[in-house]
């Protein structure tokens, strides 16, 4: 600010001191009085500095200051003009003396300063005497605003059992007064409600814990904080805020059983997994801090189990193994409840767990029979005679009643035919010879039923193994097709053979191959045992003749190593091939096959030729038959007598408006039946006689019929009778009457036929 330009009316003395050193002696003026300042002269201007307090209640305009030029001779030639913020409304100036007044109450919080412009002019010439200059009038603050917590109400959470001095939350209040002047905006915080658990820092508003708190005792606190301006002095304004403080849970409590002993019952017939009962330990904590696991200690953990219901934190006791009333009737189960999560700060207080005892009593129940073994393994040699002993199974009634047991084989009719069991002592025998090669194992299901209570039934599986007996001789695994060429040399290998045995050998099968005794003297082939369950067939001479003998039969003796050993004779057929020196095995086998069939190449060609001739003849027959069918239907149309339809009745006239009804077409007096035509003359004469009986008694009508009859008999070219439309009478059954013109001669009305000429007809 230029200290030698237009001077401002300042709000505080501190703003004036840098520019006006002499004002340092005026710091004792009262707040409600104008404050005179040092006068300085600049270009003929002399100023007095003043300030205005806010919120003053005005009954008349309040003097602020005066504008004065040293050139003013007080002769009313000078005119002072004020413009700018509030000029003329809030601030007024005396144009003769230059004094400034305020006419309204001012509020610094609404507008802290006003910018004005002052000018002095000659009243006569209206010319400026002093240049226009801008200055600022500031409003001095007073304590008229109370502190406010703009973010309230507050809510905070702090863990329970937190140590003293733990910060909870900071609250902040604001004051609308000027913080740069006086103590109007200087706040001091204090606690009105919440002691002795909480405290607040006076200058910062930080709330801290002053005493440890337990959530299980009280989990929510309401704290009231006060903020007071004027640094808490008397006469200042104050504001309050409510702070809701919640205590969060920590694991500072262990689970506790409400009972030292729990009593439960379980039936010995209960299956594994059955629920026996529930227990629960109380934990004052909540959420995860209250979660716990239950554990069974000791040997009873093999018989019983316990799991935790995560929703209710209950311990559910389950049956892990079946119990027996006759063996043990009471159990004492020790159960421990342990928190899942631990807080290291409280571990020194001891383990967070508790223990209780569950007394479980076993109730007696009628149980099914119990076998001495879960399953039975038995053996019997194949080929054993009927009634041979297989084994014995045993079951007992576990109850004190010790009911007798009845045994039976179930689930298989086939096994019932092979085995039988004694219903009283459980002895199993065979009732049919067993063959291991058919079935090496038999699985039998045997039931044991209490005779006193047939509803109590148990089952057991009996595995019967049929032991092998050497009752099958070795044999070839397949049919061998052996071929030898006519030019084969002596000692040539023509086939390798092997053997199989249906029996089962513990040491493994071993077979021995030799020629049968009857073939050793004059055989053309030899057998050489390879000592590996195979043997080779070799030729014993040079050359073979297919014309002399096209096949040889070679008996081979095979012996196994069973006890006792079994022997079988198997015959090999060796066919002779018509081969050249470089014949392949394929052509050799084809020639041998033809030789075995007794056919030569020429015979085979003849057979194929015959088949071809038969096929050609068959095709020719099909072509001739097709042509014959076409000749039955020539292209020239002919007349067929079967296409001419005969009608014995005339239509029903206008009454025939619906579907065909035979009763409408027949008269009420005659019902003519259709007859097969045998003699045309006879039928026409019959119709003539009928017309005499029922038709009109007219000689003209009878002559007409006779004339037609003669024409039909005399004309050899006339159509067959079944195409001739014959009417014995007319007009009787039609409501419209006769359509014939024969009766027109008896009409009394002259007929006019001129209309026929319109269509090109000629009337005669």
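Glycine is no exception: its Cβ is also placed from the backbone N, Cα and C atoms.
Here is what TrEMBL says about this protein:
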{"type": "SIGNAL", "residues": "1-21", "note": "signal peptide"}
{"type": "DOMAIN", "residues": "69-149", "note": "domain 'Cadherin'"}
{"type": "DOMAIN", "residues": "150-257", "note": "domain 'Cadherin'"}
{"type": "DOMAIN", "residues": "258-371", "note": "domain 'Cadherin'"}
{"type": "DOMAIN", "residues": "372-476", "note": "domain 'Cadherin'"}
{"type": "DOMAIN", "residues": "476-590", "note": "domain 'Cadherin'"}
{"type": "TRANSMEM", "residues": "597-624", "note": "transmembrane segment"}
Segment confidence, the domain 'Cadherin' (150-257), expressed as mean pLDDT: 90
Structural state census, the domain 'Cadherin' (150-257) (DSSP three-state): 3 helix, 46 strand, 59 coil
Residues in the domain 'Cadherin' (69-149) grouped by DSSP into helix, strand and remaining coil: 0 helix, 40 strand, 41 coil
The domain 'Cadherin' (476-590), counted residue by residue under DSSP: helix, strand, coil: 9 helix, 46 strand, 60 coil
